[in-house]
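The following features are taken from TrEMBL:
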type     : residues                                       : note
ACT_SITE : Thr179                                         : active site, nucleophile
BINDING  : Thr142, Lys168, Thr179, Glu258, Asn379, Thr384 : substrate binding site
Amino acid sequence: MKFPLGFYSFGKNIGIKDTSLDFAVIYSENRCKAAAVFTRNNFPGAPIYVGRDHIKDGYLQAIVINSKNSNVATGEQGIQNSYQICTELGKALGIPAKDILPSSTGVIGVPLPIEKILNACSTAKAYLKPGNLDEVAEAIMTTDTRKKISYRTITNQAGEGVMFGIAKGAGMIEPNMATMLSYILCDYLPESGDLQTILKRVVDVTYNCVTIDSDTSTSDTVVLMCSGLLGSIPDDVFESHLKEIATDLSKMIARDGEGASKLIELTVSHGRDDSQVTKIGKSILNSPLVKTAIYGGDPNWGRFIMAIGKVFDEPIPYDSLEIQLGGIAVKGADNDTKTKLAEYLKSNEEIHISVVLNTGSFQKTFWSCDFTEGYIQENAYYTT
């Protein structure tokens with residue numbers, strides 16, 4: 001595993017909920033150009049308010065994250081707590097508080113154990129290690145069952161650079177910009193330096209194309225920090241690396257959906273535009289009937305017709321509509337086709353769906369997972 005130059009980090013347990021890692025810091029030895037995309041939920045967490053404030057000038061030097069408590073619906077005190085966390089960590093690291101972005105993920109509506117977090121901030125410098133981002137990937141987990149990590153290397157005149165991404169997310173996921181957090185660190189820059197435009201463009205075709213349960217979290221955050229220690233590379237090469245990493249992490253999030261047994265990849269093609277394709281794609285993957293049929297291996301293709309047809313403001317001509325699962329054309333399927341479809345659904349952990357609208361030339365890919373009994377178990381008793 002390779003890490004970008006100049007970044008130090010750690011994850012540790014500070015007793016927020018249990019004995020698992022629940023606190024992490026990422027620190028750069030120099031101030032980084034940075035960009036971020038946040039949740040569009042109308043009740044964002046306190047760290048979102050602070051993060052939006054601190055990222056305004058396009059620079060960051062550190063990120064501080066706690067899991068097991070989201071600091072959402074905690075009022076003005078919650079916002080002040082997030083500012084205080086940045087202030088305390090800034091003192092410990094010798095950097096301005098405004099160059100620190102805070103994140104929190106976990107249960108909503110419970111005040112932060114602020115003294116535990118402030119104590120951890122005050123001693124943070126002693127725990128920092130070069131790279132070490134896999135430890136952070138573990139510390140940000142909540143209901144996740146595995147760490148989510150992806151990286152790419154690229155060589156230019158200055159040497160071998162690394163772009164390294166981590167993420168968490170398993171439930172309450174329909175970013176539009178769930179809970180979905182992702183941090184991508186890099187030791188080179190795009191030549192234009194326009195991180196925000198590049199990040200937003202990539203987020204729109206990766207993280208925003210993931211849905212687990214249609215619930216948009218109050219804490220979604222994607223952060224990109226670039227130190228520039230290894231100079232710059234062409235924008236298209238930079239964006240290609242970023243998109244590859246974001247796609248990897250998006251698929252990991254979908255595959256790790258709460259209780260999930262299957263990853264679903266849906267491509268909606270030949271649509272009129274992004275709006276039409278996105279509405280149809282999200283309608284299909286947010287349908288409990290579609291997701292439970294995929295889990296149970298039920299070849300009930302009519303559920304796809306229902307999910308497409310219920311997008312009332314985007315009527316799709318039925319006769320020209322095409323639907324395939326695993327390359328099997330299912331519209332009007334006879335018994336033999338239904339048998340093949342059931343076998344495909346039952347024998348594969350990765351389900352590929354193609355929906356051809358034949359209303360234009362636009363195409364987009366989305367990711368989700370099936371609905372199982374495990375999702376109910378995970379969420380019915382989340383706080384008990």
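Cβ atoms here come from the backbone N, Cα and C positions, even for glycine.
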Residue among binding-site residues Thr142, Asn379 with least C-beta crowding, 10 angstrom cut-off: Asn379
Other CB atoms, at most 10 A from the CB of Lys168 (substrate binding site): 28
Cβ-Cβ neighbours of Glu258 (substrate binding site) (radius 10 Å): 25
Assigned conformation of Asn379 (substrate binding site) - DSSP reduced to three states: helix
Assigned conformation of Glu258 (substrate binding site) - DSSP reduced to three states: coil
For Thr142 (substrate binding site): DSSP state (helix, strand, coil): coil
